[in-house]
Each structure stands twice: as structure tokens, then as C-alpha cells.
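J.: Got a structure for you, questions after.
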Amino acid sequence: MPTDIPSPELAYAPIAPLLIVFAAALVGVLVEAFAPRAARRTLQIAVSLVGLVAALVTTVLLAGTEELVFNDAIAVDGPTLFLQGTLAVLGIASVLLLSERSLDASGGAVVARAAVLPGSREDVELAEATEVQTEVYPLALFSLGGMMLFPASNNLLLMFVALEVLSLPLYLMAGLARRRRLLSQEAAVKYFLLGAFASAFFLYGVALVYGYAGSVDLGEVAAATGTAGSNDGLLFLGLAMLAVGLLFKVGAVPFQAWTPDVYQGSPTPVTALMAACTKISAFGALLRVLYVGFGRAEWDWSPMFWAVAILTMVVGGVLAITQTDVKRMLAYSSVAHTGFLLVGVIALSPQGLSGTLFYLFAYGFTTIAAFAVVTLVRDSSGEATHLAQWAGLGRKSPLVAATFAFLLFALAGIPLTSGFMAKFAVFTAGLEGGATALVVVGVVMSAVTAFFYARVVVLMFFSEPAADGPTVAVPSAYTAAAIALGLAVTVVLGVLPQPVLDLADRASRFVS
Amino acid sequence: MNESYYLLLAALLFTIGGLGVLLRRNAILVFMSVELMLNSVNLTLVTFSRTVGTLEGQVMAFFVMVVAAAEVVVGLAIIMSIFRSRRSASVDDANLLKY
């Protein structure tokens, strides 16, 4: 038995984006501890934005890097950098949404003191006070750091650690809503218990793969899957367990049960962060595990993933039709999108990879803008998320309703929006990969999802507004900027997708 | 010494933990079952470390312990907050979010 562990060679430059985001999070913790209360909010927003912009800039500077660092534990390559850059931009949009204060009379979407009992006298007083809580910024940064590490992990143990680093802050943030706190706490409990359950499966998968390959390094796992005579039972069981953990995070059927509850209960800016960034990051990790680690075992896992993809598209699309809450509808729509994305993943080709990357990019911006619009429609008790309350919104605020309608068309995949190009990219890759049946299901389910998106548009523009309906709040520059960013990307990618398609194409090679 | 006994024991513990998550109704007990699953993974890792002959597995067990400790902090905070507002830690009582 070897007794000496060789010390790894540490190259810090290629992981600069990660280091910057984590450093910004730590600075945020220090600000929380030492800065005077009045200055904290401004400082936290500044630290978060500077950190994320710096991370974005370093990602761009690193473009073209292809190497394995930290003893092969972290892979800095095209997909990693593409996703890290996307996550940094979407992180900026999420921080902007979290910083919004002018929508709610008492300021912010996040509760001032999470420990105060909902409904107690103190809670009622706090609801009137303008006190805000700023721990949410470092939490968001830690989570974003974990998300940026997740798709970069070339080592299953590191991937598990990244999974927890991204999840633990999200569990807390899910429970921090200022309004409807019982719902929010319930969402946090559900997300936490199911998330911990799923990550235990992931971890058992790591252990079994370790027993099979003698290493958790994806490169060595790939080498081991190529040799005959090993114990295949361990491999299959291990891969299945890993897949449970990853498919839970992306919200694929049958592991989607948490999605609607958590999306509905969490504060909407946090939902936006979860819906856009977690999905991007988890798909990045799923792609790396399947393409780098288990590419040679394709025939063993692809039937299972076919079944999951078909179920995800059908269940997500059909259940979305029955929803009466905007946030739950967007949650089921995100489940359906997971199914479409899986079509690109299963293709297991460079086209599939670049199509999936492009889809994630397009989907992230559209989703974050859609949730940002949801924060604007309010009544006296906070956000009005019931679909009936959205009736006639086009009369009250044509601009907001038109924006939301456009975003829904993009999610539905209507031509001249980013959603169409994204679906086109993954379905083409699926066809070239021979997954015709899967693509047929995908196209049919796209039509089904288009139905419920169109239903909301009809509701907004062609029905009478209720007398005591919600009002459309005027956002401050924060939310307006986030919506403008999401909308601009959705429009530009629909009309002029080629630059980003090329970028995704060039990024579509894993280093191994 | 036959390592497969340890693997079987770990698989059994993992199954008991998994069943506990599915069958128990108290959030604290559900959470304890998850911890049992994590510990069964530790046993698996250490056993494999011996069969494979590398130290990686033992080092990974330490990582798992650290992560599990972090998870306890976050999890108990969340469960405590919902217990204080509802006077119940039963996962059946948390039923406001549906359909």
C-alpha cells in the first residue's frame, strides 16, 4: 500500500474566475461582520458586482485555455469557460434582482430577519420597517462559486463538494422570502431534505465508481470503462446513482417533484437564480460526467437517459398546462426544457455538446428575465402570481405584458427568438445522432408547451382585467437592467445567433 | 478478511437510510436517515480503499465528514425555523405548496 501522497502542482491562473468569486464571497462575509449597518447594502452590492464582473473578464481572458490543473481535478476547457462566463453574467443579473427595493413598500424580496417567527408581533413590525438583510449576497456568491466549480470538476469527489457548495446556500436562500414566509420555509425544508437525499445517492455512486475504477478521476474512470473483465455491476450501479444526483439537480422526471414547490415558495429573485444558474451548472456537470467519464459506456446508459428524456418532456409539458400559478407554470416549463436539453446531451457528439451549450445560454437569459417580470406584478399582499390575476395585464401595462409575452414565445421556441435557434440546435444534433424518436417527441411536446404559453398571452391581452386586480409596479434601475439584459439577449440570439453559435462550437471540446 | 461483508453491510445501512427517508414523517428523523446514508458511503469508501490499494478512499471519507457537518448546520437551521413557526417538524404538515 502506498504511504506517500505526492503534493499536487498548483496552477492558480486557470482557476482565477473561481478564486475571484469565492474571494468576493469571503469579503462579503467580512463586510457583514464589520461594516456599519447603514453602509452594508451598498458595500455588498458593490462587492458582488465587482467580483462577478472580474470573474467574467478573467473568463474571457482565459478563452482558449485547455488544461487540467490541480492534479487533474479541475478541467479548464471550452465548456468550462463558456459556462463560467454565462454563469457570471447571469449571476450579475441575479444580484441586480436581489438588490431591488422599490417594488415592495418595505423594501426587497428578502426577509430582514429570518429568525423572527412569521406572524409574531416582531414580524409585523419588521414588515413595516425598511430594514434589509444583506447576508443573502455572500450566500449568492458562494452558491455561484459552487456552480462555476461544478461543471469544471474533472474529479467526482470535487464534483460532490461543488454540488454541496452550490446547494447549501440555495437551501437557505429558498427560505428567506419577505412575504408568504410559511410557504418559503416549507420550500426550504422540501428542497433541503430532497436535495440531501439526492446528494447521498450521488455520493454512493462516487464510492461505487471508485471501487470499480480505483480512482474518481474522470480520465481514469474512462480508461477503466474501456478495459474488459472488470466488475460491470459496480459500474452500472455507480453510474445510475451518479445520474440520480445529477438528474435531481437539473430537475428531470422522475426527480422533478421538488421543482414546482421550491420555485413557487422561494423569493422570486432566488427562484430566478435557481432556475437559470443551477440548471446551467448541473447540465455542465452532467455533460462532463457522460462525455468524459462514461463516453465509452454509452450503450449502457443511453437507454435509461432516453426514457428519462421522454418522460421529462411529456410530464413537464402536460403538467404545465394544468397550472394556475405563474411561478409553478414556469417551473414545469423548466422541467420540459430539461427534457429538450437532454436530447442534446444524449447525442454524445460535438454537435450535441455545442447545441446544449447554446441552449443553456439562451434559456438562462430568457428565464431570468421572465422571473424578473413576475416580480413586477403585485397586489397588497406581495406578488400576484395566480394566473387569473394576470388577466387583462396588456391593458394595464402594455410594455410589461408585451415583454412577458415575448419571453414566453422564446420559451416556446417561436422563430425569431433565441428559443427557436436553441431547440433547432439540439434537435439537429439529436437527428444526426440517430435519436429520431426522441426528436419527434421533442417536437410534439414543443407544440404542447407552445399551447400553454399562448394561453397566458391570450389571457394577458384578450380578457378583461379584474376590478381589484394587481398593479404593475415600476421597477428601479436594478430590475429594469436585468430584464433589459435578458430581453436583449433573447432578441439578438433570435435574429443574429451566429456569433454565439460559433462560440459554442469552438467551446465544444472537453479536455481529458 | 473478506471485504465483501463490509460492502454488504454498507449497502444494508444505505438501504435502511433510504427507507428511513421515505417512511419517516419527522423532518429530524428523515435528516438522520440521510446522515446514515452518508456514513454508509464512508464505510464503502474505506473498504474500497483497502481492496483497491490506494489511500484516496480514506481521504474522501474525511471530505464526506466535513460536508456532512456543513449540511447538518444548514439543515438543522432550516428545520428549526419551520418547527418554530408551525410547532411541528412533521413533513406531512408542510403542505401549503401543492398543485
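Every residue number used here counts from 1 along the chain in the order it is shown.
From the backbone N, Cα and C atoms, a Cβ is placed for every residue, glycine too.
All annotation found in TrEMBL is predicted automatically rather than curated by experts.
Copying in the features that TrEMBL gives for the protein in this structure:
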TRANSMEM  A:12-31  transmembrane segment
TRANSMEM  A:81-98  transmembrane segment
DOMAIN    A:153-448  domain 'NADH:quinone oxidoreductase/Mrp antiporter transmembrane'
TRANSMEM  A:158-177  transmembrane segment
TRANSMEM  A:189-213  transmembrane segment
TRANSMEM  A:233-258  transmembrane segment
TRANSMEM  A:270-291  transmembrane segment
TRANSMEM  A:303-322  transmembrane segment
TRANSMEM  A:329-350  transmembrane segment
TRANSMEM  A:356-377  transmembrane segment
TRANSMEM  A:398-417  transmembrane segment
TRANSMEM  A:437-462  transmembrane segment
TRANSMEM  A:474-496  transmembrane segment
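Give me the local environment of each listed feature.
T.: Distant neighbours of the transmembrane segment (A:158-177): 73-74, 109-111, 114, 133, 136, 139-140, 142-147, 149-150, 152, 183-185, 187-189, 191-192, 195, 199, 202-203, 206, 245, 249, 262, 265-267, 270, 273-274, 278, 281, 285, 289; these residues of the same chain sit at least 6 beyond its ends, with a Cβ under 8 Å from one of its Cβ atoms.
Long-range contacts of the transmembrane segment (A:233-258) within its own chain (CB-CB distance under 8 A, at least 6 residues past either end) are made by residues 156, 163, 167, 190-191, 194-195, 198-199, 201-209, 211-213, 225, 278-279, 281-283, 285-286, 289, 294, 297, 300-301, 304-305, 308-309, 311-312, 315-316, 334-335, 338-339, 341-342.
Within its own chain, the transmembrane segment (A:270-291) is flanked in space by residues 75, 79-80, 83, 86-87, 90-91, 93-94, 97-98, 109-110, 136, 140, 143-144, 146-148, 150-154, 156, 159, 162-163, 166, 170, 173-174, 176-177, 218, 242, 246-247, 249-251, 262-264, 301, 327, 330-331, 334, 337-338, 341, 345, 348, 353, 356, 360-361, 363-365, 367-368, 371-372, 510, which lie at least six positions past its ends and keep a Cβ under 8 Å from the stretch.
Residues 250-253, 256, 259-260, 262-264, 275, 279, 283, 286-287, 290-291, 295, 298, 302, 305-306, 308-317, 319-320, 323, 356, 359-360, 363, 367, 370-371, 374, 387, 411, 423, 425-427, 429-430, 432-433, 435, 438-439, 442, 445-446, 449, 452-453, 456, 505, 508-509 of the same chain, all 6+ positions outside the transmembrane segment (A:329-350), place their C-beta atoms under 8 angstroms from a C-beta of that stretch.
If one looks beyond the transmembrane segment (A:356-377) by at least 6 residues along the same chain, the residues whose Cβ comes under 8 Å of a Cβ in the stretch are 79, 82-83, 86, 90, 93-94, 97, 100, 103, 109, 268-269, 271-273, 275-277, 279-280, 283-284, 287, 326-327, 330, 334, 337, 340-341, 344-345, 383-385, 389-390, 393, 400, 403-404, 407-408, 410-411, 418-419, 421-423, 425-426, 429, 470-473, 475, 479, 482-483, 485-487, 489-490, 493, 497, 500-501, 504, 507-508.
The list of residues near the transmembrane segment (A:437-462) in space but at least 6 beyond its ends in sequence, with Cβ under 8 angstroms from a Cβ of it, reads 306, 309-310, 313-314, 316-318, 320-321, 323, 326, 329, 333, 336, 339-340, 343, 346, 387, 390-394, 401, 404-405, 408-409, 411-414, 423, 426-427, 430-431.
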J.: Near the transmembrane segment (A:189-213), which residues from the same chain, at least 6 beyond its ends, have a CB less than 8 A from one of its CBs?
T.: 156-157, 159-160, 163-164, 167, 170-171, 174-175, 220-221, 223-225, 230-231, 234-235, 237-246, 248-249, 255, 257-258, 261-262, 265
